[in-house]
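Enquirer: Sharing a structure, written as structure tokens. Questions coming.
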Amino acid sequence: MDVLLLSRLQFAMTTFVHFIFVPLTLGLSLLVAYMETKFIRTGDETYRRMAKFWGKLFLINFALGAVTGIALEFQFGTNWSRYSAYVGDVFGSLLAIEATMAFFLESTFLGVWIFGWKKLPPKLHNASIWLVALAANLSAFWIIMANGWMQNPVGHLMGDGRAELASFIQLVSNEFAWQQFIHVLSASYVLSGFFVLGISAWHLARGSHVDFFRKSFRIAAPFTLVFALVVVVHGHHHGSTVAKYQPEKLAAMESHWETRTNAPQYLLVIPDPANEGNRLELLPIPGGLSMLAYHSFDAEVTGLKDFPEEDRPPVWATFMSFRTMVALGMLFPVLAAWAWIRRKDPASSPRMLRLLPWIIPLPYVAVQLGWIVAEMGRQPWIVYGMMRTEEAFSPGITTGQVAGSLAGFFAIYGLLVALCIFLLSKYGRKGPAPAESGEETAGSN
């Protein structure tokens with residue numbers, strides 16, 4: 001394998017692992033903040049214990065997410081120096097804002113929250129975890145604004161062979177980036193909701209800490225249902241944005257080869273990229289693709305054949321990732337609605353309680369597939385329409401160097417993922433501290 005492929009594999013692997021932790025950080029921080037708010041409003045000690053228990057799981061996830069995120073930015077200098085030189089004035093500005101404004105705010109107030117139990121007034125202590133949640137979501141905002149610029153570059157001028165920031169307002173009002181942000185945030189909240197539902201269901205099925213986990217279940221069920229519906233509805237609008245700005249990505253997502261009006265959407269498709277067509281097309285919805293892409297059954301949808309072959313995304317990876325993501329996205333509202341209907345007495349549905357713990361991994365799969373669609377569907381561009389991926393890697397590195405670092409990252413990140421699964425499983429199964437031990441900090445055993 002050559003340097004370019006190895007560098008891409010390394011960045012993909014480290015990003016994949018890092019994004020295992022990000023969605024849970026975004027959503028669980030909000031749920032923990034709400035639980036502590038419920039304690040302050042009601043005086044019910046159970047809600048404080050809930051904030052501490054779920055807060056402990058949040059801390060484990062946050063710590064490993066922070067560690068895995070460090071290597072990502074270094075790779076822009078080590079493996080992708082041409083990219084950094086080309087877009088650093090634009091892309092680097094957003095990363096700098098994320099680090100100085102969001103990450104440090106998040107880390108600072110997380111420390112206040114961990115060690116501030118019984119040392120700060122309750123409302124001030126509660127404010128600290130709300131600030132953590134705000135900062136975590138702000139961090140995601142700046143990162144997605146940066147990625148959104150790669151998908152739809154705006155607000156820059158070209159000078160001396162590099163992109164230079166011309167309008168910060170255009171940069172942060174990028175329509176494509178905002179659609180991504182809403183979609184990622186909603187999906188992250190769904191993942192976090194199913195995380196709480198799954199662990200709560202596991203305990204309720206065994207009759208342990210029933211009042212505690214029934215209340216956790218009641219909070220997570222409507223939260224999950226609302227955002228599962230948001231993901232489905234907004235996914236349609238995001239698809240229209242993709243059609244507007246990246247029509248070849250849309251064509252790859254649907255394995256759509258021929259330009260036509262009233263383009264159908266086939267429910268069952270087997271792509272055949274080698275022959276520029278599909279091996280199988282069954283169950284068509286007349287005009288469905290035109291409607292989804294452009295809100296009109298008569299709209300023309302450009303097929304892959306009308307794009308130069310060298311500009312087409314990899315069809316199989318983009319198509320299969322998209323179809324699987326959509327299938328999971330349609331499943332989640334059904335499961336969330338079931339949980340919401342049973343929220344007052346979840347123990348009345350043993351089948352649901354047995355099922356929900358097994359659902360926990362599925363939102364993780366869905367969000368990873370979403371990023372595969374976003375990134376693979378943008379290929380062969382690293383910055384859409386401006387810079388190809390093959391033009392972006394560092395010229396001075398060797399195959400052996402990248403292979404060695406890839407092997408090292410694979411081993412270290414594999415251990416970190418295993419550690420995360422072990423710790424979350426251990427403390428998730430252990431359950432909350434007894435009421436008389438409620439004085440412990442969230443980070444204690």
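Positions of Cβ are set from backbone N, Cα and C atoms, glycine also.
Sharing the record's features from TrEMBL:
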type: TRANSMEM; residues: 12-33; note: transmembrane segment
type: TRANSMEM; residues: 53-74; note: transmembrane segment
type: TRANSMEM; residues: 94-117; note: transmembrane segment
type: TRANSMEM; residues: 129-150; note: transmembrane segment
type: TRANSMEM; residues: 181-205; note: transmembrane segment
type: TRANSMEM; residues: 217-237; note: transmembrane segment
type: TRANSMEM; residues: 315-341; note: transmembrane segment
type: TRANSMEM; residues: 353-374; note: transmembrane segment
type: TRANSMEM; residues: 402-424; note: transmembrane segment
Enquirer: Considering only Cβ pairs within less than 8 angstroms, which of the stretches 129-150, 181-205, 353-374, 402-424 has the most against the transmembrane segment (12-33)?
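Expert: Stretch with the highest Cβ contact count: 181-205.
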Enquirer: When each of 53-74, 94-117, 315-341, 402-424 is checked against the transmembrane segment (181-205) for Cβ pairs under 8 Å, which one has the most?
Expert: 315-341
Enquirer: Taking the transmembrane segment (53-74) as the first stretch and the transmembrane segment (402-424) as the second, find out whether 3 or more Cβ pairs fall under 8 Å, excluding pairs closer than 6 in sequence.
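Expert: With 3 or more qualifying Cβ pairs, these stretches touch.
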Enquirer: Give the nonlocal contacts of the transmembrane segment (94-117) in its own chain as ranges (CB under 8 Å, at least six residues past its ends).
Expert: 52, 55, 59, 62, 66, 73, 124-125, 128-129, 131-132, 134-136, 138-139, 141-143, 145-146, 149, 171, 439-443
